[in-house]
């Protein structure tokens, strides 16, 4: 399988499956001298850990304790590859015995079979959402690099199950259920998820990511535009079905004069561009949103086929999230950080040559 490495200069390669021995990754290209500890990575992993997130979360309990294997000495990176590993401890593969030969609707079962001629039916293997653990750990390394440059990334939920939130306090979202950007919406989202769970169904939502302190000049036109790379990063997450930057699809309904961000001596008067112009960061806050589909594992009867082409009725068992939100929020934050870290180092190379 190819496609397990992300980045050009700051590169993350990941490994592992949902029901394998463990997951992990290697970050190559991280400069020396960056403050980094296991605790810093663990803090990010704890935000996406299974068994939390209230009624939306899976019943699978994983401690997700990370071990740094290389690349760090006395609390700082050495410039060599940063390797990390997390053990799987709560696999329950017996839950999947009845779907050994059955394709689950909405999952990658049928496409993995078409591509490889075989698949790991236990929780989806590499296509499972558990794969994102390695992204979050790698993203923590990227965030450590960005922090040294005054760049921070935040992510929060702006809509769940069709119910929007008012982004009144995005900074406080990290301490609220569902990573909600306002307090009042939490009870409403909680009731919605419980209702959907009671019906044996699932819901999706929309997550917003913001990056602050991004300097002007990041991005490599034409095919490595910052917005193109960011969209690629977010779309690479399995549950994401759409990405918009800044005003996004709403810009299609505006006039040019309304969509343009006027410039003044004090800076930009708006941010419809989402902090990116011509594929290059403008110095404003970088803003992106990702549409997250409902989890395809629903506790209802569904029509499908098995690997011999026979029609069957399937009711998915096992332990599953009711929504990818809130656990996908740290994943999208991580992918944004990885993109910015890579672009930052690409820009440093260019300016070094120019100097």
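Cβ atoms are placed via backbone N, Cα and C, with glycine included.
According to Swiss-Prot, the protein has these features:
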BINDING   48  NADP(+) binding site
BINDING   126, 127, 128, 278, 293, 294, 295, 296, 297, 319  FMN binding site
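The Cβ of residue 48 (NADP(+) binding site) lies under 8 Å from the Cβ of 132, 133, 136, 327, 328, 329, 330, 331, each of these being in the same chain and 6 or more residues away along the sequence. With a 10 A radius on its CB, residue 126 (FMN binding site) counts 21 other CB atoms from all the protein chains. Taking Cβ-Cβ distances under 8 Å and a sequence separation of 6 or more, the neighbours of residue 128 (FMN binding site) in its chain are 17, 18.
According to its DSSP assignment, residue 48 (NADP(+) binding site) is helical.
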